[in-house]
């Protein structure tokens with residue numbers, strides 16, 4: 001069985017930490033034929049989608065074959081694992097992948113859903129599970145919401161890994177100037193959420209496969225910061241799901257599955273849904289290490305069940 005992984009340049013991947021590397025190594029252990037490429041390697045000739053890809057032996061890391069020009073129809077499964085930002089190049093890649101999808105190739109996650117589920121805005125489908133949230137461009141509306149909530153967090157809609165996330169009080173000096181900056185002079189919407197003090201106890205990353213939670217870690221912010229993202233120095237610790245967190249997964253699971261979002265990471269703070277990560281969820285290595293769960297192998301097992 002042939003699987004294609006669409007990634008950032010392979011040279012940038014740290015196999016000790018990277019979830020895509022973990023998935024490729026699990027696929028290798030399952031005796032699957034693995035290929036890699038970047039979004040720039042995708043193409044369409046008429047109504048047929050193609051790719052310039054290389055074989056990879058990911059364990060031990062790594063051995064690459066020569067580049068070959070192949071039809072995407074040759075692959076049983078294609079993983080779209082390019083990290084954000086979801087820019088024009090990313091969006092065009094999803095359209096090219098839909099050509100293969102229409103020909104019967106399984107694409108994970110579903111291209112149309114990758115476009116539709118912005119990692120900040122997608123959570124609004126489940127707003128009752130979230131902290132009070134406003135998405136707006138107008139400074140006056142954002143200031144009024146901040147006044148109502150007292151202390152808020154600003155999030156750029158296209159950000160990743162906690163980049164650009166700002167904690168601010170409603171009476172902060174220079175708030176107008178800050179809001180003008182983050183909204184590009186009221187031309188770009190931004191997400192504003194009530195600040196949750198429980199973030200100091202951790203931000204839980206829960207990984208769902210086909211709508212079911214298979215593993216989780218708790219991420220603690222580094223000293224002097226409220227952001228717990230591992231990329232910003234947060235520390236991961238072992239954890240179990242609370243009753244509330246299980247309820248959140250049960251609420252989200254059917255929608256994720258029906259939308260073709262096979263592999264998803266959700267973030268929960270103090271029992272409140274924060275984000276739904278669908279593009280290239282991380283955390284596999286940490287779950288495997290801290291929880292002693294062969295998560296990547298379980299993901300591939302669930303995938304192969306689709307072909308049995």
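Using N, Cα and C of the backbone, Cβ positions are placed for all residues, glycine too.
Copied from Swiss-Prot, the annotated features are:
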| type | residues | note |
| --- | --- | --- |
| BINDING | 146-202 | ATP binding site |
| BINDING | 275, 277 | Mg(2+) binding site |
| DOMAIN | 120-304 | domain 'ATP-grasp' |
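When the Cα atoms are compared, residue 194 (ATP binding site) and residue 275 (Mg(2+) binding site) turn out to be 14 Å apart. In this structure, of the binding-site residues 146, 154, 178, the smallest number of CB atoms within 10 A of the CB marks 178. A simple way to gauge crowding: the CB of residue 277 (Mg(2+) binding site) has 24 other CB atoms within 10 angstroms, across all the protein chains here. Ranked by Cα separation from residue 275 (Mg(2+) binding site), the binding-site residues 146, 170, 178 are led by 146. Rounded to a whole value, the Cα-Cα separation of residue 170 (ATP binding site) and residue 277 (Mg(2+) binding site) is 28 Å.
A gap of 26 Å separates the Cα atoms of residue 186 (ATP binding site) and residue 277 (Mg(2+) binding site).
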